[in-house]
Amino acid sequence: MIDFKAIIAKVATGATLTRDEAASAFDGMMSGDATPSQMGALLMGLRVRGETVDEITGAVSTMRAKMLTVDAPADAVDIVGTGGDGSGSVNVSTCASFIVAGCGVPVAKHGNRALSSKSGAADVLNALGVRIDITPEHVGRCVTEAGIGFMFAPTHHPAMKNVGPTRVELATRTIFNLLGPLSNPAGVKRQMIGVFSRQWVQPLAQVLKNLGSESIWVVHGSDGLDEITLSGPTAVAELKNGEIRTFEVTPDEAGLPRAHAEALRGGDAEANAVALRSVLEGMPSPYRDVALLNAAAALVVAGKAKDLKEGVALGAKSIDSGAAEGRLRRLIAVTAAG
């Protein structure tokens with residue numbers, strides 16, 4: 001059993017934990033062996049000092065070891081954001097996921113209910129008629145039969161129940177806000193991850209490299225969006241062929257018009273579901289444009305498109321042919337089938 005007193009004492013001095021120490025500490029928390037005071041002390045100690053790549057890598061390895069997994073194709077992708085950007089935007093990554101699935105790329109999407117906004121991925125999918133309370137086996141069937149499946153985080157990470165109350169009491173961001181997107185239950189090796197702060201763009205790409213990912217974009221919009229934004233440049237860290245490089249992208253290079261973040265303001269789950277359906281039904285809007293931009297990046301990650309401009313063209317075809325909307329209808333049917 002981990003010596004929590006020693007771990008907390010180490011963190012209190014400003015020292016960093018090794019990958020193995022972090023893995024053991026998080027195993028203790030998620031197994032229920034740590035007291036709420038110990039968990040709170042460790043989480044805030046890490047937050048105040050700043051979590052390291054090794055600490056995040058160790059924590060993610062523990063979270064992955066304890067999750068309930070899903071069988072998905074090796075070429076499956078995930079488009080996910082950390083949330084916590086405070087934007088209250090429409091559900092960009094969820095909409096983009098259907099566009100990507102409509103291009104023939106299997107999607108294993110991981111997500112949760114809203115934390116900082118009115119509508120998270122789980123909320124809007126539920127409002128669209130997709131059942132989210134399904135087993136891991138059922139999710140795998142969705143990916144196979146519908147081309148897209150949604151993994152509701154609480155179902156796949158039952159050990160999180162031991163840290164949930166402490167997180168609620170702390171009521172501030174902790175390392176756990178970063179761990180969810182890095183702990184996809186389908187074990188995808190290809191992801192586009194949006195983060196709430198630019199400081200995490202390069203480090204999270206390094207964490208995923210440490211954990212064996214193959215093709216990754218970690219992104220943060222200049223307006224604070226945890227997606228690729230329409231309002232200006234977006235910072236990107238790309239993992240490809242074992243190397244990480246950082247750069248910026250803009251909507252201009254994808255052939256899309258710019259739009260202010262206010263144009264992407266969302267509402268509750270029902271309102272966001274109506275907006276998402278309108279995109280999949282072909283209605284032009286800034287929401288369509290931002291969903292296409294993020295889908296394009298995911299298609300680059302998947303190896304389906306050579307650049308954002310080609311990805312946008314493929315995504316537009318997915319929408320306008322009805323393929324993307326067809327994936328939504330199929331997902332609703334497969335989840336309802338039990």
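Note that Cβ sites are derived from N, Cα and C of the backbone, with glycine treated the same way.
Some features that Swiss-Prot has for this protein:
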{"type": "BINDING", "residues": "Gly81, 84-85, Ser89, 91-94, 109-117, Ala121", "note": "5-phospho-alpha-D-ribose 1-diphosphate binding site"}
{"type": "BINDING", "residues": "Gly81, Asn112", "note": "anthranilate 1 binding site"}
{"type": "BINDING", "residues": "Ser93, Glu227", "note": "Mg(2+) 1 binding site"}
{"type": "BINDING", "residues": "Arg167", "note": "anthranilate 2 binding site"}
{"type": "BINDING", "residues": "Asp226, Glu227", "note": "Mg(2+) 2 binding site"}
> Taking just the CA atoms, what is the gap between Arg167 (anthranilate 2 binding site) and Ser89 (5-phospho-alpha-D-ribose 1-diphosphate binding site) in Å?
Replying inline: 24
> Where's the emptiest Cβ shell within 10 Å among the binding-site residues Ser89, Ser93, Asn112?
Replying inline: Asn112
>> Which one is it, among the binding-site residues Gly81, Ser89, Ser93, Asp226, Glu227, that lies nearest to Asn112 (anthranilate 1 binding site) by Cα separation?
In response: Gly81
>> Suppose we draw a 10 Å sphere around the Cβ of His110 (5-phospho-alpha-D-ribose 1-diphosphate binding site). How many other Cβ atoms does it contain, all chains included?
In response: 27
>> On a C-alpha basis, identify the one among Gly81, Ser93, His110, Arg113 that is nearest to Asp226 (Mg(2+) 2 binding site); the candidates are the binding-site residues.
In response: Gly81
> Roughly how many angstrom lie between the C-alpha atoms of Gly81 (5-phospho-alpha-D-ribose 1-diphosphate binding site) and Glu227 (Mg(2+) 1 binding site)?
Replying inline: 7
> If you measure His110 (5-phospho-alpha-D-ribose 1-diphosphate binding site) to Glu227 (Mg(2+) 1 binding site) at Cα, how many Å is it?
Replying inline: 15
>> Sequence gap of 6 or more, Cβ distance under 8 Å: name the residues on the same chain that satisfy this around Arg113 (5-phospho-alpha-D-ribose 1-diphosphate binding site), in order along the sequence.
In response: Gly120, Ala122, Asp123
>> My understanding is the cutoff is Cβ-Cβ under 8 Å with a sequence separation of 6 or more in the same chain; which residues meet that for Glu227 (Mg(2+) 1 binding site)?
In response: Gly81, Ser89, Val92, Ser93, Gly194, Val219, Gly221, Val290, Asn294
